[in-house]
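What follows is a set of notes on a single structure, which appears directly below.
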Amino acid sequence: MKTTETPAPPPAEPGASVSKVDVPVSKPGRRKREGTVLNVFSHGVLVIWAIMVVTPLLWAVMTSFKDDGSIFGSPWALPDRLHFGNWARAWTEANMSGYFLNTVLVVGGSLIGTLVLGSMAAYVLARFDFPGNRFIYYLFIGGMSFPIMLALVPLFYVVNNMGLLNTIHGLILVYIAYSLPFTVFFLTAFFRTLPTSVAEAAFVDGASHTRTFFQIMLPMAKPGLISVGIFNFLGQWNQYMLPTVLNTDPDKKVLTQGLVQLAVSQGYKGDWSGLFAGLVMAMLPVLGAYIIFQRQVVQGLTAGALK
Amino acid sequence: MQHGKYRFIVGFLVVPLGLYALFVVWPFIQSIYYSFTDWTGLSPEFKMVGLDNYKRMLHDDVFWKSLQHSLLFALVLPIVTISLALFFAFMINVGGRRRRGGPAITGVRGSSFYKIVYFFPQVLSIAIVALLFQFAYNPDSGAINSLLRGIGLDHVQPLWLGDPSLALWCVMAVLVWSTTGFFVVLFSAGMASIPAELYEAALIDGAGRATTFFRITLPLLWDTVQSGWVYMGILALGAESFAVVQIMTTGPGGPDYSTTVLVLYVYQKAFRDGQAAYATTIGVALLVVTLAFAAIVMRLGRRERLEF
């Protein structure tokens, strides 16, 4: 972006000098004014949307430091003082700490599982020719466009019969299964772009297929794994529909569910400031991680749609 | 590379494929089967009832309302979100002031700042976003109405989510808010890869900015727009609309069924009303709508691929 800021030597202006040849003299001036008007207009529009995006988030942060009375009395007023007690209450009494722990366990387990299983399946599908290869590939891909809710009705009973309902490991297995379609889709494309010669050389030197995969191919696929890992991390961290159906035990709830639960129960408890503290608490780690790993996150999330 | 090849293939595929088959493929097949039964979900006994569930669905007013709202979600949301995103992305990439001697087309100052900020909602859970806006919409003490009071519009105090004619639009606005940034970043990346000479040539020929957008940017970006459209539509029919409607609206789905959507109706029938078989029937309808939507968008949007 910096390249646009560099001032150029005045005389050289190839674009404009060409346009002077075949259009009336007044044109460059008009064009210049048009450029300025457009520039002011675009900045105006862009700033307005930026304000619209940031205001609700800042408002939530501000509200999380207010007391209950002023949240409802004057929603836009600054807090009279910083009520840090809201945060402490949310963390302990409202069980945000428990929800955090559950989420970390579930997302940690399923992220590792998704990456390992997804890359294994993708590698085989990308690099080996065998009967049924295309069928299995499209079976995985098909899962991306099907409405998950349709499967959730019987899935609830499948999971229940296996004794996995309301368990952390049950939720992990389901998260992995529903993350596989995109992961396999993305990593298959990625493994196809990697050169075959290195793996062949390793194989000639006597490495087994398994060893070639874990010691040669996986390290080579690191950029792809990072992208798809970020994609899955955000998707699983923010997942709401799967746990709502499969994980209804109050002690096992993940963050998103816990917050909704908290919001519902405030109808009679009335600790709204604690709820806002919880909301902000859940927002900040993801926003922070995004700001730090901004480039990778954007790549990870947009890579799928650009393929 | 033949040695032990099949053993390796099977060994690597069996776990992921098994997990996928058990938790994803098998339930899908089952749910289509269940839609022809009278299974309640509460007891293990059920019998085949043929097309009864489908007949019932055709006479179910709430189903038709849900279908209508879901279709509205799938049509309006992608159009609004993608148009807004294209507009912002074009402004970011082309709206810059032309500098003497600089390239004919430049991005605005701070374009990367805008892209970072616009992307914020995308990393937040839709559940958190929905909760946040539920407060903003609160008619008595919510942020929006008190802002309106603050600027002197005391008589303009809509009930927002409490008003059956407004509630659905309020819910949609939240999804627009949370997804536009993603598409801005996506389209920006696409626009940045369009060679500047194309714009320069068009500008020399006297084309305005609007013309360059419709004649250069949009055609060259078409593939991305199309896949974004399908992606957004699937989200709007499925998970995202479930979360916002279930969390934000009264009922959920109210007031007076004004915000109910197919995915929420499936959930309520199965897990609230104990009518699992009927729920899968509505789910099959949702599946048909989703696949039809994807097919129509891909079909309508088919054009010759432009290489540049």
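The backbone N, Cα and C atoms fix where each Cβ goes, glycine too.
The transmembrane segment annotation in TrEMBL covers B:7-29 (among others).
Residues annotated as domain 'ABC transmembrane type-1' in TrEMBL: B:67-297.
Annotated transmembrane segment per TrEMBL: B:71-95 (among others), in sequence order.
According to TrEMBL, the feature transmembrane segment maps to B:116-137 (among others).
Here TrEMBL flags B:166-187 (among others) as transmembrane segment.
Residues of the same chain lying 6 or more positions beyond the ends of the transmembrane segment (B:229-248) and with a Cβ under 8 Å from any Cβ of it are 70, 73-74, 77-78, 81-82, 126-127, 129-131, 133-134, 137, 161, 170-171, 174-175, 179, 183, 259-264, 267, 286, 289-290, 293-294, 297-298, 301. Marked as transmembrane segment by TrEMBL: B:229-248 (among others).
Annotated transmembrane segment per TrEMBL: B:276-298 (among others), in sequence order.
When the stretches B:7-29, B:71-95, B:116-137 are ranked by Cβ pairs under 8 Å to the transmembrane segment (B:166-187), first place goes to B:71-95. Note on the transmembrane segment (B:71-95): residues 105-108, 111, 114-115, 118, 168, 172, 175-176, 179-184, 186-188, 191-192, 199, 209, 212-213, 217-218, 221, 225, 228-229, 232-233, 236-237, 241, 261, 289, 293 of its chain, located 6 or more positions outside it, place their CB under 8 angstroms from a CB of the stretch.
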